[in-house]
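Per TrEMBL, the features are:
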{"type": "TRANSMEM", "residues": "20-46", "note": "transmembrane segment"}
{"type": "DOMAIN", "residues": "24-494", "note": "domain 'Major facilitator superfamily (MFS) profile'"}
{"type": "TRANSMEM", "residues": "66-87", "note": "transmembrane segment"}
{"type": "TRANSMEM", "residues": "99-118", "note": "transmembrane segment"}
{"type": "TRANSMEM", "residues": "163-192", "note": "transmembrane segment"}
{"type": "TRANSMEM", "residues": "212-231", "note": "transmembrane segment"}
{"type": "COILED", "residues": "250-277", "note": "coiled coil"}
{"type": "TRANSMEM", "residues": "349-366", "note": "transmembrane segment"}
{"type": "TRANSMEM", "residues": "372-391", "note": "transmembrane segment"}
{"type": "TRANSMEM", "residues": "403-422", "note": "transmembrane segment"}
{"type": "TRANSMEM", "residues": "442-460", "note": "transmembrane segment"}
{"type": "TRANSMEM", "residues": "472-490", "note": "transmembrane segment"}
Amino acid sequence: MAKEQLQVLNALDVAKTQWYHFTAIVIAGMGFFTDAYDLFCISLVTKLLGRLYYYDGSKNPGSLPSNVSSAINGVAFCGTLAGQLFFGWLGDKMGRKRVYGMTLMLMVICSLASGLSFGKEPKSVMVTLCFFRFWLGFGIGGDYPLSATIMSEYANKKTRGAFIAAVFAMQGFGILAGGMVAIIVSSIFKGLHPAPAFEFDHVGSTVPEADYVWRIILMFGALPALATYYWRMKMPETARYTALVAKNAKQAASDMSKVLEVEIEAEQEKIEQQETGGGNDFGLFSREFVKRHGLHLVGTATTWFLLDIAYYSQNLFQKDIFSAIGWIPPAKTMNAIEEVYKIARAQTLIALCSTVPGYWFTVALIDRVGRFAIQLMGFFFMTVFMFALAIPYHHWTLKGNQIGFVVMYSLTFFFANFGPNATTFVVPAEIFPARLRSTCHGISAAAGKAGAMVGAFGFIYAEKGIGVRNTLIILGVVNVCGFFFTFLVPESKGKSLEEMSGEAEDQQAVDNNVV
C-alpha cells in the first residue's frame, strides 16, 4: 500500500518525531490557548461588571441582570458555532494556511476591542462587549477545524493522536493563564487602591480604578495569539491539501522537503491519474458521502454535542461548590477587586488539579490505548460519577461531606478531559477525506457548541425548575447516550489519513485501472 501512496504523504506518515512537530503544536495550540483564556476569564470578571455597572443602592453588591449575564456568556458561543461552520468550509475551499491567518487576526483585534467601550452607560458598555465577543468567538470557531486539520495533516502515523490532543491540551494552559493574569492584575490593583469591604462601605468598596481590571484581563488574551502570527504565516500549506485538493504535487514535495529535510520526488502524474480515474470526488451532500462517511459524521457530531451538554453545565455548580466549601466568602465581606482575586484563585486551583492533568493523560495514552477506548471509558466514568453525585445528593450537602463532593466533581472533569473532551476533537480530523476534512470537523465542532449552549443555558433553568439533583440525573443519562453513540465512530489509531478516509483505496483502484 505504501508504494502506491504519494511519496510526500508517505514521508510524512513515517517521519520520526522532529522539531517541526513541536513548533506546529505550539503554533496551532495558541488558538486554543486564547480560546480557553477568553472563555475562562469572562467568568472571572462578570461579578466585577455587576458591581461596577449595576449597583442599585441596595444591601447587596450589584450583579448583572440574568439576561445580560446570559448574553455576555452566550454570545461568544454563538460566534464560535458560526465560525466553525464558515471557516471549516473555507479551509477546504481556500487552503488551511490562508484562512488560518484570518482567524488569528480576528481573534487579536476582537480581544483588544472587547476591553474598549463606546460610552460609559451600562447599556453601551455591555452592547460593545457583546458585539466584540461575538466576533472574537467567530475567529476562535475557525481555529477549531483549522488547527485540528493542520496538525493531523502534518503529523506522522504513529503519534498523530498525541499531537492533535496536545494542540487541544493547550486549552489547559489557557485556563491557567486566565486565572494567573486575573490574580496578578487584581493583586496589583488591590495593593494600589485599598478599599473597605462592601458591608462597611457600599459605594467605596468598588473603587473607580476597578474598571481597568476587567479590561486589562480581557485584552491580555490578544498577546499570545499576536506572538504566533508571524510563525503561522511562515508555515507552509499542508502537503495533503496541496497534493490531494489543490493537485500540485511539485509544490507539496518542495514544501515538505524543506520541513522534513529530506529529498522528496514530485509525482504529478500520479495525481493526474487519480483525477482521470475519478471515484473520490464526491461532495458533502452526495449519496456516496452518506454511504461512506454518513454514520461517521453522525457519530462525531452527536458525541461532541452530548459531551458538551455535560461539560459546560459544570459552570452551573462551580460557584455553589466554592461557596459551600468556603473557598469564596460571601460577596458582602469583600471589596470588588478582592472578589476577582478570590474567584480567580479558586478556579485556578480546580483547573490545576483536575482539568489540566486529564488533557495530558490523553496525550500520553491516546496512541497506545486508542481513541475509541478512551472515549468509551471517559463517558462511562462520567456517568458513574454524575450518578454518584446525584443519587445521594442530600448526603453531599450536609456539613463535613463537601470535600467528598469536590473530589467526585473533580473526577468527573478529569474523565471528561482524559476522555471524550479530547477524543471528540481528535477523531473528526482523521477520518474524513482531505477535501472535506476541515468542513466535517467544523460541523462536528459546531454540534459541540450547540451542546455547550444547551449545557450553559438550559441547565440554568433546569436547576431552578427541577432542582440540582434531577439535573445531575439528566446529565448522567446524557453521558450514557454519549457512550452508545461512540460505537458509530471508527478507530483511527496507527492508520494513515488516506486509509481512514478511503482515499488510499481509490488510489489503488486508479492504479489498477492504469495498469
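Keep in mind that glycine also has a Cβ here, set from the backbone N, Cα and C atoms.
Residues 165, 168-169, 172, 303-304, 307, 310-311, 314, 317, 321, 324-325, 350, 353-355, 357-359, 361-363, 365-366, 374-375, 377-379, 381-382, 385-386, 388-389, 396-397, 482, 486 of the same chain lie 6 or more positions beyond the ends of the transmembrane segment (403-422) yet place their CB under 8 Å from a CB of it. Contact check: the transmembrane segment (66-87) against the transmembrane segment (442-460) gives at least three Cβ pairs closer than 8 Å, residues 6 or more apart, which meets the contact criterion. Remark: the transmembrane segment (349-366) contacts the transmembrane segment (163-192), by the rule of 3 or more CB pairs under 8 A. The highest tally of CB pairs under 8 A with the transmembrane segment (20-46), across 99-118, 163-192, 212-231, is held by 163-192. Beyond the ends of the transmembrane segment (472-490), by six or more residues, the same chain brings 295-296, 298-300, 302-303, 306-307, 309-310, 313, 371-372, 375-376, 379-380, 382-383, 386-387, 389-391, 393, 420, 427, 431, 459, 462, 500 to within a C-beta distance below 8 angstroms of the stretch.
In this model, the domain 'Major facilitator superfamily (MFS) profile' (24-494) carries an average pLDDT of 86.
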